[in-house]
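Participant: What TrEMBL shows for this protein is this:
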type: DOMAIN; residues: B:1-95; note: domain 'FAD-binding FR-type'
type: BINDING; residues: B:VAL62, B:VAL63, B:GLN64; note: FAD binding site
type: BINDING; residues: B:CYS221, B:CYS224, B:CYS236; note: [2Fe-2S] cluster binding site
Amino acid sequence: MAENDLGTYSGRNEEWRLDLRKKLKTKERIAINRVKMPEADPLSRIKSYVEVNSGLTEEQAVTEAQRCLDCVNPTCIEGCPVSINIPGFIKSIEAQDYDNAIRVLKDTNALPAVCGRVCPQEIQCEAACFYQTKLKKPPIAIGHLERFAADRARNSGKAFIPEIAVKRDGKVAIIGSGPSGLAAAGELAKLGYQVTVFEALHELGGVLKYGIPEFRLPNEIVDFEIDNLKKLGVNFEKNFIVGKTADFKDLREEGYSAFFVGSGAGLPMFMNIPGENYIGVLSANEYLTRVNLMGATKVDFDTPVLKGKNVAVIGGGNTAMDSVRTAKRLGAEKAMIVYRRSLEEMPARNEEIQHAKEEGIEFLVLNNPLEYLADKNSRVNKMKLQKMQLGEPDQSGRRRPVPVEGSEYFLEVDLVIVSIGVSPNPLIPMSLPQLETSKWKTITVSPDTMQSSVPGLFAGGDIVRGGATVILAMGDGRKAAQNIHNYLQNIMKSKTTASKQDNNQNKK
Amino acid sequence: MPKIISKKYLSEKVVQLEIEAPRIAKKRKAGHFVIVRIGSNGERIPLTISQANTSNGAITLVVQVVGVTSYKLSKLETGDEVTDIVGPLGNATHISRAGTVLCAGGGVGIAPLLPIVEAMYKAGNRVVSVLAARDKELLILEKEISAFSDEVFVMTDDGSYGQKGLVTDGMEMVIAKEKIDQAIVIGPAIMMKYASMLTHKYNIPTLASLNTIMVDGTGMCGACRVSVGGRTKFVCVDGPEFNARDVDFDELLMRLGSYKNEEAGAYKKLLI
Ligand SMILES: Cc1cc2nc3c(=O)[nH]c(=O)nc-3n(C[C@H](O)[C@H](O)[C@H](O)COP(=O)(O)OP(=O)(O)OC[C@H]3O[C@@H](n4cnc5c(N)ncnc54)[C@H](O)[C@@H]3O)c2cc1C
Ligand SMILES: Cc1cc2nc3c(=O)[nH]c(=O)nc-3n(C[C@H](O)[C@H](O)[C@H](O)COP(=O)(O)OP(=O)(O)OC[C@H]3O[C@@H](n4cnc5c(N)ncnc54)[C@H](O)[C@@H]3O)c2cc1C
Ligand code: SF4
Ligand code: FES
């Protein structure tokens, strides 16, 4: 990549970068220890909803930024799904030019405060950092620094609203206000289009709001980013289900000429084992939505939620980890993860597993539920489990769990949260029969353009990938936005040529 | 926010509200429902669209007061606003020319039955309706149902109006008299259970419109799940109507009680 492709204020050969590099010797930089993120005390944080990670101080951030070697070939960028100019923003932090840090981040990432908190950095940018790959030392804390830059900008009171170069004709409808929809909306607004985001729920943010708990991602952070989009001119319509409240045909008639579908993967999966519909067995989505979106744990909110003393969460992903830690905060004495493989295969982020352990979550790995039993009121009170062992690797490359014969046993539980995955939200494909979907019911798109089989309809995020990540959803949104731009420009061009031809015809 | 255009009590605990919602009014079909939320701390509850008027862009809801949210909704007056309303949700009723259709409604279930009766009648079917309530005071929408029915029978538990007996007694009487090609039953889960056992006995294809607990209504949470023909279905996106013979009504009844203790406390608190 040519050096100055990375933005005006952040090229490696800018004077300030050259000066900065001279300030400390490589040896001195390497000698600094990786920063440790300050965290709320486990025993007190499980009694509240405070954010677990409390963020770096300015001093910590600048010191950590000094560790970064500003590599000639910054491999960290290759590890980032949206190729953030990582050394560009880190060096801005070292130079204490925080305005520039946020500007560089926002070049490729619409929601740095979110990504700094929830991205699996340890398997992305940080895994590809020179410290990790070559020096065998802890990588630069890229995620912590990203969060620092974003929080600093938010708290500075200065809004970083990019300038809109030109106003263009063209109305674009975004379906879903999750990270993919928000990213697409931001890009298209910056390009000068009229953008409306339609959201089925009464709150904006998708999983960022209803799924991820506030102890990991406070709602005010999501709201701040949404406010910035509003300032950019993006319209939001809540309580509006595309395909139901209005369909694509209606929206076309209202002047929308391109669409981005970011409707997510909603539909929870169940194991279809006996007793799964007893009272007290619920999906992670229901549990988390009641708590996060509907305020079920706050006084004066109308939505109820079931509480349990012995809570089992089935699954090992981020959603499972969020559910089990929520259960602990709602007063569970025993909050357990029941997972059929081993700790090594667990898909949740390392940090979340560590935090869960600190909070006293029990891990029943190599265990699989077979059946639920209930009391006379049909409330679940026991589960039948089977022990597992690991066999040969399967198609996913992970070792296949194999039941251990005769190992069944019973465990007392009074709340079970099923978190074994989701399948794509069916509403859009149901309302648009000509839309091509895969056998997993995801929307099929061309990987180059994110365009679906319906011209002018683009899609990305979980509705295309199945359950994936925030950063991948945002990357899709941005990519689709660029291609929507091309698509609309082509339409305009062919319209003008067509009307020129019409004019010529008329003249003849 | 959507405004309430008119309000009327149909019985002591059942209120009919006309609410401004032009987009929903335009799109809705028989069988569709909406989800409403009252107040910024409110809960989301599903309610069937009983009628829609495209000329003034209003939909009509008929609400029975059973708990916190339905109570709050019933306390709103003309000119007040509903915090959130989203829809139309669910699949529309499959309306066909079946021949003679038996439409049975119990209690507030008569409200969701109304648009189906209307659509079935307009599609050229012979419509025989059986309406049931505990007593005369609780019977709702008789006139509206009659306007789209060839015959209407009213049953009350105590005999204070119409004939004394349960909805199933009325249905059996109709079935004895004429050949029924299709039945639709809407009401409390327990009523639908016995009504569908009856029609099953006579081999009459029957639809039941299920009222489960819901949160989002878009297929995201799984709260509304029921077992139909031994498979897990989501009422909000797969329903709300199902082939009654395949529905596990006992499980439905059980699941409706999920939040009973939590809700009862909250409602009591609200009333003091
Ligand atoms: C509990 C939980 C924890 C997670 N933790 C992490 C994590 O730590 N790190 C990470 O990277 N990822 C995490 N993920 C995954 C990540 O949140 C998702 O991959 C991401 O949110 C997908 O974004 P999206 O834009 O595709 O859709 P979503 O965020 O799912 O948003 C879709 C939105 O579209 C709306 N919608 C759907 N249909 C319609 C319609 N027809 N009309 C209008 N609106 C509609 C929905 O209501 C929803 O608001 C987590 C997921 C969950 C559930
Ligand atoms: C698709 C659909 C359409 C519906 N249409 C209508 C309608 O047109 N008019 C109408 O009055 N109601 C209708 N309902 C039922 C309505 O949604 C519930 O009465 C409402 O959710 C109660 O809310 P609440 O907060 O007032 O009571 P809550 O405080 O939630 O509950 C009070 C008591 O009622 C019980 N309860 C809760 N939900 C239900 C339910 N769905 N059915 C029976 N008992 C329940 C609880 O166990 C509790 O004991 C419909 C339900 C569905 C799923
Ligand atoms: S690879 Fe690591 S040290 Fe090198 S530029 Fe990236 S973050 Fe800095
Ligand atoms: S109400 Fe949530 S899935 Fe049906």
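In case you wondered, yes, glycine gets a Cβ from its N, Cα and C as well.
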Participant: In the predicted model, what is the mean pLDDT computed over the domain 'FAD-binding FR-type' (B:1-95)?
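Facilitator: Residues in the domain 'FAD-binding FR-type' (B:1-95) carry a mean pLDDT of 93 in this prediction.
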Participant: Identify, in sequence order, the binding-site residues in B:VAL62, B:GLN64, B:CYS221, B:CYS224, B:CYS236 that approach chain A with a C-beta to C-beta distance under 8 Å; the answer is 'none' if none do.
Facilitator: B:CYS221
Participant: Enter the number of other CB atoms within 10 angstroms of the CB of B:VAL63 (FAD binding site).
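Facilitator: Here the count is 23.
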Participant: Tell me, by DSSP, whether B:CYS236 ([2Fe-2S] cluster binding site) is helix, strand or coil?
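Facilitator: Its secondary structure by DSSP: helix.
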Participant: For B:CYS221 ([2Fe-2S] cluster binding site), write down the residues of its own chain that are at least 6 apart in sequence and whose Cβ falls under 8 Å from its Cβ; none is a fine answer.
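Facilitator: B:MET214, B:VAL215 - these are the non-local Cβ neighbours of B:CYS221 ([2Fe-2S] cluster binding site), listed in sequence order.
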Participant: As a check: which entries in B:VAL62, B:VAL63, B:GLN64, B:CYS221, B:CYS224, B:CYS236, the binding-site residues, place their Cβ less than 6 Å from an atom of ligand 4?
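Facilitator: Near ligand 4, sequence order: B:CYS221, B:CYS224, B:CYS236.
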Participant: For the domain 'FAD-binding FR-type' (B:1-95), jot down how many residues DSSP puts in helix, in strand and in coil.
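Facilitator: Tallied per class, the domain 'FAD-binding FR-type' (B:1-95) gives 13 helix, 45 strand, 37 coil.
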Participant: If one looks at the chain holding B:VAL62 (FAD binding site), which residues at least 6 apart in sequence have a CB under 8 angstroms from its CB?
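Facilitator: When sequence neighbours closer than 6 are ignored, B:VAL62 (FAD binding site) has B:LEU10, B:VAL14, B:VAL15, B:GLN16, B:LEU17, B:LEU47, B:THR48, B:SER50, B:VAL108, B:ALA111, B:ILE140, B:LEU141 within Cβ distance under 8 Å.
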Participant: Which residues, in sequence order, are found in the same chain with Cβ within 8 Å of the centroid defined by the Cβ atoms of B:CYS221, B:CYS224, B:CYS236 at the [2Fe-2S] cluster site, excluding those residues themselves?
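Facilitator: Leaving out the recorded residues gives B:THR212, B:MET214, B:VAL215, B:ASP216, B:GLY217, B:THR218, B:GLY219, B:MET220, B:GLY222, B:ALA223, B:ARG225, B:PHE234, B:VAL235, B:VAL237.
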Participant: Take the Cβ of B:CYS236 ([2Fe-2S] cluster binding site) and count every other Cβ within 10 Å, whichever protein chain it belongs to.
Facilitator: 27
Participant: Applying a 10 Å Cβ distance cut-off over all chains shown, what neighbour count does B:GLN64 (FAD binding site) have?
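Facilitator: A 10 Å sphere around the Cβ of B:GLN64 (FAD binding site) contains 19 other Cβ atoms.
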Participant: To the nearest whole angstrom, state the Cα distance for the pair B:VAL63 (FAD binding site) and B:CYS236 ([2Fe-2S] cluster binding site).
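Facilitator: A Cα-Cα distance of 19 Å.
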Participant: Note down the number of other Cβ atoms within 10 Å of the Cβ of B:CYS224 ([2Fe-2S] cluster binding site), including every protein chain shown.
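Facilitator: The answer is 25 other Cβ atoms.
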Participant: Cα-Cα, whole number of Å: B:CYS236 ([2Fe-2S] cluster binding site) versus B:GLN64 (FAD binding site)?
Facilitator: 20
Participant: Once B:VAL62, B:VAL63, B:GLN64 are set aside, which residues in the chain still have Cβ within 8 Å of the Cβ centroid of the FAD site?
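Facilitator: Apart from B:VAL62, B:VAL63, B:GLN64, the close residues are B:LEU10, B:VAL14, B:VAL15, B:GLN16, B:LEU47, B:LEU61, B:VAL65, B:SER70, B:SER74, B:VAL108, B:ALA111.
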Participant: Through the lens of DSSP with three states only, how would you label B:CYS224 ([2Fe-2S] cluster binding site)?
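Facilitator: Assignment for B:CYS224 ([2Fe-2S] cluster binding site) reads coil.
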